[in-house]
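**Student:** Encoded as structure tokens, here's the structure I'll be asking about.
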Amino acid sequence: MSKEKDHETSSIASGSQPHVEFYDPSKESVWTRVGLTWESFKRAPGTTGGQVVVGANNVDDLEKIMADAPMLQQKMKPRHLTMIAVGGSIGTGLFVGSGSALAVGGPAGILIAWLLIGVMLINVTQAIGEISILYPISGGFYTWAVRFLDPSFAFAMGWNYVFQWAVALPLEITVAATTVNYWPNNVSFAVWITVFWMAILIVSIFGTLGFAEEEFWSSCLKLIVVVMFILIGIVCICGGGPDAGAYSHYIGGSNWQNPGAFANGFKGICAVFVTAAFSFSGTELVGLAASETPNPRASMPAAVKGTFWRITIIYVTSLTIIGLLVPYTEDRLTTGSGAGASPFVIALDYAQIKGLNHLLNATVCVSVLSIGLSCIYAGSRTLTALAETGYAPKIFAYVDKSSRPLWSVVAILLFAPLAYINLAPQGTVIFNWLIALSGLSVLFTWLSICLCHIRFRRAWKVQGHSLDELPFRAFGGVWGSWFGVVLIILVLIAQFYIAIWPVGGMLDSPGEVAETFFQAYLAFPVVIIFYMIGIIWKRALPQRAHQINLDSGRKSWYTAEEMNAVSEQFNFSERRSIDPT
């Protein structure tokens, strides 16, 4: 089975069955392809059929398999996918949110929370890799939930995921505007909100390619700065900082001893789980991006591996350094705003290393913009998939010649002006309630991915398939997904506990108790309501394992013998682990 044969199947089929018509974007002008002409806004006449189909000699109708593909074009390159996985979600959660988490959980508390969520996410991304390589379909994990789980649950999860990113967009714009105010200026806060909104709008015009290139270069910047901070942090801990700073002498683990390793004991650890989950939001984007890369079988394994390195090097190491450099009693962790509350910036202020705090603040600003673009990408792709499956108005299924899900992108962009709410006297209160609507959304998304993997494996086995037919296998198998399910449920229980008995004790007023609870847990009843709406609206029931459609959107048709031969030929290291299930 040669590489040439695999790639031949990705070309536009012709000859035997000419009734299938594919759209060839290369016939358009370069300006249309990048989205800068009026022509680019017209509806794409069909799918490009540009995804690689392997094992084509085992299918009866190759053109039908090629035509069963997303309307979105395959513009992403392996380097884009890898950097989205490695650095795409590094942003507010790590640079800023870790500060309040440190104040609540202490240095040991944030390490425990981030490690547990990180280990769970490694299993989630492995499950994403296994399914998305086989089924690189529009909507990714939302569409999997429709097929493998329950359409009504998928409806609830999908809309909650859309709202998560729609509300996160004005949040990120607000944080970006606040970050700029780290540098003294006389520009109105409203002006900065408008500037960042326009910046996101301009990049969005370039569609998938604009998002992919921005993510690649911003991820490179974030990784370089974080690695630089880690190296500087190690030197400072060992006493190599400037004489004028706080790290001119060896400090070691003194902050773990005084004020201590835990800020609020077990309750503090429970309280930072959701902050940790928020910081990892966007890790699952590789599941959506798989449909926009021509050969997920070649590019996804490296992207999935990247998650492990991001968790171990970027998050765990940097948070360990932060816990050693900054005491959790530092006032700015809770009273500061924007980058002023970032433990990274605070540590560099302590060190008195001139200029680096400004570099880090600029990186925070770029990171926030990057996450803002991720909001557009993730929200619009999921909304388009909802429309394609009949759970959203059909207008959102519109994909133009530049591969933009046009009206879905517009719909998410229209949430950006909510950032102006912060200018009103009660704006913060209103904004907090909007955020509460989707505060736990990412946990439900990860839960659905794990459940989809479990159900997929069951259907795959029941319908007589062998695991050797899979082009990529999650190293933890279904046990890894079950671990993810259990841990997510435990995190939801921990959040419920904190919602009722917050750090500092239960409030005296019943009204304040109710307000605190729903601001922390409002997303859960919202998902239940959406689930009930889905049941009433479509009256669709989950399918039995033998009824699940395993062929639609499938792009790997090798037999077990052929797959083993290909794996041996190309030395796919991802298949080294043996799954006992």
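Note: Cβ is positioned from N, Cα and C throughout, glycine not excepted.
Quantities reported herein were computed from a predicted structural model and do not represent experimental measurements.
The region 'Disordered' annotation in TrEMBL covers 1-20. What TrEMBL records for 80-540 is domain 'Amino acid permease/ SLC12A'. Sequence annotations record features per position, and here TrEMBL assigns transmembrane segment to 81-105, 111-137, 158-183, 189-211, 223-242, 262-286, 307-328, 406-424, 430-454, 475-498, 518-537.
What does the local environment look like for each feature on the list?
**Tutor:** Within the model, the domain 'Amino acid permease/ SLC12A' (80-540) carries an average pLDDT of 86.
Sequence-remote contacts of a segment are chain residues at least 6 beyond its ends whose Cβ falls under 8 Å from one of its Cβ atoms, and for the transmembrane segment (81-105) they are 112-113, 125, 171-172, 175, 212, 215-216, 218-220, 222-223, 226, 262-264, 268-269, 271-272, 275-276, 278-283, 285-286, 289-290, 293, 299-300, 302-304, 306-307, 309-310, 314-315, 318-319, 322-323, 326, 328-330, 332-334, 336, 338-339, 341-344, 346, 360, 363-364, 367-368, 370-371, 374, 503.
Remote same-chain partners of the transmembrane segment (111-137), defined as residues 6 or more beyond its termini with a Cβ less than 8 Å from a stretch Cβ, comprise 51, 69-70, 85, 101, 105, 143-144, 269, 272-273, 275-277, 279-280, 283-284, 286-287, 290-291, 293, 296-297, 300-301, 303-304, 307-308, 311-312, 315-316, 319-320, 323, 446, 449-450, 452-453, 456, 470-476, 480-481, 483-484, 487-488, 491, 552-556, 574.
Residues 34-36, 72-73, 75-76, 169, 173-174, 176-177, 180-181, 292, 369, 372-374, 376-377, 402-404, 409, 413, 416-417, 419-420, 422-423 of the same chain, all 6+ positions outside the transmembrane segment (189-211), place their C-beta atoms under 8 angstroms from a C-beta of that stretch.
Within the chain carrying the transmembrane segment (406-424), a Cβ under 8 angstroms from the stretch's Cβ atoms is held by residues 41, 162, 165-167, 169-171, 173-174, 177, 189-190, 193, 197, 200-201, 204, 375-376, 379-381, 383-384, 387, 395-396, 398-400, 430-431, 434, all 6 or more beyond its ends.
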**Student:** Report the listed stretch (307-328, 475-498, 518-537) having the maximum count of Cβ pairs within less than 8 Å of the transmembrane segment (158-183).
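**Tutor:** Comparing 307-328, 475-498, 518-537: 518-537 has the most Cβ pairs near the transmembrane segment (158-183).
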**Student:** Should anything in the same chain at least six residues away from the transmembrane segment (223-242) have a Cβ under 8 Å from its Cβ atoms, list it; otherwise answer none.
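**Tutor:** Distant contacts of the transmembrane segment (223-242): 86-87, 90, 248-252, 313-314, 317-318, 321-322, 324-325, 344, 347-348, 351-353, 356, 359-360, 363.
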**Student:** Let me spell it out: take the transmembrane segment (518-537), skip the flanking residues so only those 6+ beyond its ends count, and list any with a Cβ under 8 Å from a Cβ in it.
**Tutor:** 151-157, 159-160, 274, 391, 432-433, 436-441, 444, 492, 495-496, 498-499, 502
